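> This structure is in structure tokens; I'll ask about it shortly.
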Amino acid sequence: MTGSLPAFAARLRSAAIHLLVFVTLIAGSSSCSFAAPAEDGVDLARVTDHLALEQSLSILEDRDGYLSAGEALRHSGWVAASLRTLTQGFTSSAFWLRGAFYNGSDQSVTRWLSVGVVRLEDVRYFRFAPGEDKPSETLLAGNRTPLDSRPVKAARSVFPITLAPGERTIVALRVQSRSSVSIEASLWSPASFQEADAPDLLIEMLLVGSMGTMALFSLVLGLARRDRVFLALAAGAIAEVIYDLAFQGFLYRFILTGGGDVVLRAPGVLGLIAHVLLCTMAAMFIGIDRIAIWWRTLCTFSAILLAGSLFAAFGDYRTTVSITTVLQVVYEALWIIAVLDSWRRGFGNSRLVLLASGPAVVRFFLYLGHILGIWPASWSVGSEITWNNLSIMLLLLFIAIGRLREIESARDKAQQDLVAFQEHERERLQRAVDERTRELQTALVAAGEANRAKSDFLAVMSHEIRTPMNGMLGAIHLLKSMPLQGKVRTAVNVAERTGAAMLATIGGILDFAKISDSKPEPSYAAFDLRALLADVVAIMSLRAEQKSVSLKLVVDQVLPATVMGDADLLRQILLNLVGNALKFTETGEVCVSAAPDAIHVDWIRLEVADTGIGIPRDRLDRLFEPFVQADSSIARRFGGTGLGLAICRRLTEAMGGCITADSQPGQGSRFQVRLPLPPTDAAEIEIQAPAQQGNAIRKTLSVLVVDDDENNRFVLSGLLDVKGHRVREAADGVQALALLSENPVDVVLVDLEMPGLSGMELVRYIRALGGKGATVPIVAITANVTAGVVERCVQAGMDGYLSKPIMPEDLQRTIDAVCAGRPPAQSDSQMQRDDFLPSLQRELGAETVERLVEQALAAVERSTATIEASIQRGDRQAARRAAHQLAGAAGLAGLIPLSAAAAALENQLAQSSTGEDADIQTTLALAERAIANLRGLQSEFVHKR
């Protein structure tokens, strides 16, 4: 079996020769007749540079490889060497080379004998004296020998020959290798050898560096883009670089200097791997994988060659490489045919690959001819291999550029497809958004109508429930003042507590409904924080005394006295928290404390702590939600709606702060409010009303009241007279301009809706008068206070506004502010408007209020009748004017729901040809109730007289 392998390899080599058509021509031309070498030998002195020794040597084939140097020298089988006999291919024979050398000079000469190629495994040097059959010197080389043990450290086997003047010597070389046997013998001067070796090394390193850079570039692109062509290109380039270093002997020269089996096998193994990777990469780049038959064929041969590389690495190297070399010829031929077929099919990259790989393919077949022993190594290896590396570099470069263009083109197409898809999706989403917007707008209109209906209902309920409740509680107070005994007094007390609880519940619901409709807008002004805290404690102290609970106030010494914020909202928060604490505390104490916040600058930490029943921790998260209490049993035991803390959170957040709670069941609760309340100068605190300042002296002002309604002028003049101001009245805008042209005033109060000149137009005329009229403070009086109305007032040049009914303290505070050049602080006094008539009675007296009630009753009855008649006859303008008069009259009498409904009807009539039936009916129904209430008040005044 062992003997059959060389024979099989020989048959394969013969087949490969027939595949290469032009081999026979070259082989025939190279088979020259054996010529005997020169008898005298080679004169070393004449070799000044380089001399090829093919024609100066004899060759002997030792088929068994057993001859010794002496035996070989005496052997009769020597023939003249030639290029053909020096190229043997894969063979197990040992080959002996013999040559004679002498020194014809008068000086000692040293020349280097080089034996290539670099892949030869075992090269031995024997030197004989003339006529002797025993060597006088023996040297070992070849890649099985460590580099340090060789006489000259070079990739090729180099032996120095030194001869004295006139000295002669015989040199015998023994060559045997498991790699392809191709022998190149040359004689060099040492300097020439080193000079010739350096450029080859430099060129090789440049080409290897360039190909390594290409491999790294392809690897980065392949990993970044996850592209298999670039990854295969990188792998093939790396394998080609390592293979070239091994094939040229540089791997042995600089890395694997120990020599041995690895150095021998590396070219054969790496050559197979590089060939497969490069061909596979090119096939993928072309798209041959889309041609099933070619792709399967190439993959099959690739697998066979890769399996052969394993056998070459670990098995019989000579036999395996000789077989796989022939298979590579078949593989390369099939690859070329596949590329041509893909070109025929119209694959764009096939022509590029075919043209770029042409030089590499030609060199590949030349290399195979050398490996198979068809022609000498100089035809395909040595410095001539440079052009092969350049051709491979060209192929890789073209493929890389082509692949980048493909990727760029694919990316552009993907981007175009993406843009088209996005445009399609955008149009689809836009249609969906438009449709959804229409639905939302419809829902928003419906929600607005529902919200307005809710607000109207709450306004009506506020008046319709609280008014009789106030009357009922007043009657209960009268009953308590009478001498009642036993069960009667008990019943009266129960009725009082029940009525007060019901009124508080209704008030809480109305408060929450109000802040739920829109976020409260804080009105920032300077106020005394310490005084506000003391005021809250004073207000709640009576309830604390009734429950025998201690109510304390603890104020940090560094707490600023004057801060900037909304005092009304803060007071409401603290009253709710303290009231809550007192309600759930049976014994112990409630402590209100205030101190600067430790986390935020210019923030104040307010705390209300009690020793009440406490709250479970799992209920704290939902404590600030509307209509939520810690337990349903608490609602049954203590009452309430669960809205107080929800209102506190809404108000706190509106002021830019936060509220938290901490509690332990049975130990009490602690509520903390943190608010931004920056300290300010005490001089910025707004001047307080006379009722709060006692005997403070106030400046007397000249005030012009402009209103077409006599009742409005009556009320405003009365309130101003009480304050000591001088009042002048005008029934319309023309009369007001005439009065102002005669005598300037300090303040102008003007109704917005008047016949002739409206309030807005009158302001513009006043500002155009020049002089003091251009800067006189002007305050709007209106029953319709909305964001739009307020904005129009500011744009027209007004300095402030007042909403009907006008509370005495609001009137004076606004006048003081506009006269001082400050924006008036609009206090949230809406919850106090039910006490309008009692407040007015305190300011103006019972007779004035009685007259106001009579005038309001007459105005409401007159306006209501006018509205009904105008609607019936279709006179929209008359109905609108009557609605305006009704809104003003109701507002001045404190009839808030009626005033709001009339103002809404006025707006509706101004915007459409007819009013909504619902608005008309709501207004008329409220007017009927208002008339009944005013008549009741009128009867009370008559009864008191």
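Any Cβ shown, glycine's included, is placed from N, Cα and C.
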> From the ranges 201-223, 385-407, pick the one that TrEMBL records as transmembrane segment.
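Range annotated as transmembrane segment by TrEMBL: 201-223.
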> Just jot down the residues in the same chain as His884 (phosphohistidine), at least 6 apart in sequence, with C-beta under 8 A of its C-beta; none if empty.
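Listed in sequence order, they are Glu753, Ala902, Ala903, Glu906.
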> Check the coiled coil (404-439) for me and report the mean pLDDT.
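Residues in the coiled coil (404-439) carry a mean pLDDT of 84 in this prediction.
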> Residue counts in helix (H, G, I), strand (E, B) and coil for the domain 'Response regulatory' (702-819), per DSSP?
59 helix, 24 strand, 35 coil
> By a Cβ-Cβ criterion of under 8 Å, what residues six or more beyond either terminus of the coiled coil (404-439) are in contact with it?
221, 225, 227, 349
> For the transmembrane segment (264-286), could you work out the same-chain residues 6 or more beyond its ends whose Cβ comes under 8 Å from its Cβ atoms?
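Non-local partners: 119, 121, 143-144, 177-179, 228-229, 232-233, 235-236, 239-240, 242-243, 246-247, 251, 256, 294-295, 298, 302, 305-306, 308-309, 312-313, 317, 320-321, 324, 328, 331-332, 335, 338-339, 342, 347, 349-350, 353, 357, 392, 395, 399, 402-403.
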